[in-house]
């Protein structure tokens, strides 16, 4: 019961942090609060939705599972009880994996902006193009699911998990634009 509460609070904190990162890093030219809440820009709202869902899926995968496969414990010889050690180890790994997922979203956004034949910022901010917002939102959610797939498995080793995330990220970078080209 305590673990559910603890990881629930940690997940909410990480989601708020990812919202801030998405607002300030990924979409630095778009002011989420001004455009969505004050300006009622639905296309930017779709992007906020997509980035929040993608981040949520990554966070859920990052905080789930058992880290017993990783020979990893900073607190092994600290005298802490084993459940406390597991909680702290799980928290650190969850934050690490969540950070890796957030970096993947940032890198994907940079690549996505290069492959689309239009300016995403102009379409979202000035033209309020809902189709563009939904398309990008869907791409973010798809990548979030792909990254979560790699993170959701119980880790065998840190190297294996990082390699799996890297492979799935590359797969997402290839498959998502190809599917977009086929469906357009």
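Heads up, the Cβ atoms here are built off N, Cα and C, so glycines get one too.
Note that this is a predicted model, so its numbers are computed, not measured.
Copied from TrEMBL, the annotated features are:
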TRANSMEM  6-22  transmembrane segment
TRANSMEM  42-63  transmembrane segment
TRANSMEM  92-112  transmembrane segment
TRANSMEM  133-151  transmembrane segment
TRANSMEM  163-182  transmembrane segment
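Counting Cβ pairs under 8 Å that are 6 or more residues apart, the transmembrane segment (42-63) and the transmembrane segment (133-151) reach 3 or more and are in contact. With a threshold of 8 Å between CB atoms, the same-chain residues lying at least 6 positions outside the transmembrane segment (163-182) that come near it are 97, 100-101, 104, 107-108, 111-112, 115, 135, 139, 142-143, 146-147, 149-151, 153.
Outside the transmembrane segment (133-151), and at least 6 residues removed from its termini, the chain residues within Cβ reach (under 8 Å) are 42-47, 49-51, 53-58, 60-62, 65, 97, 100-101, 104-105, 108-109, 112, 120, 123-124, 161, 164-165, 167-169, 171-172, 175-176, 180.
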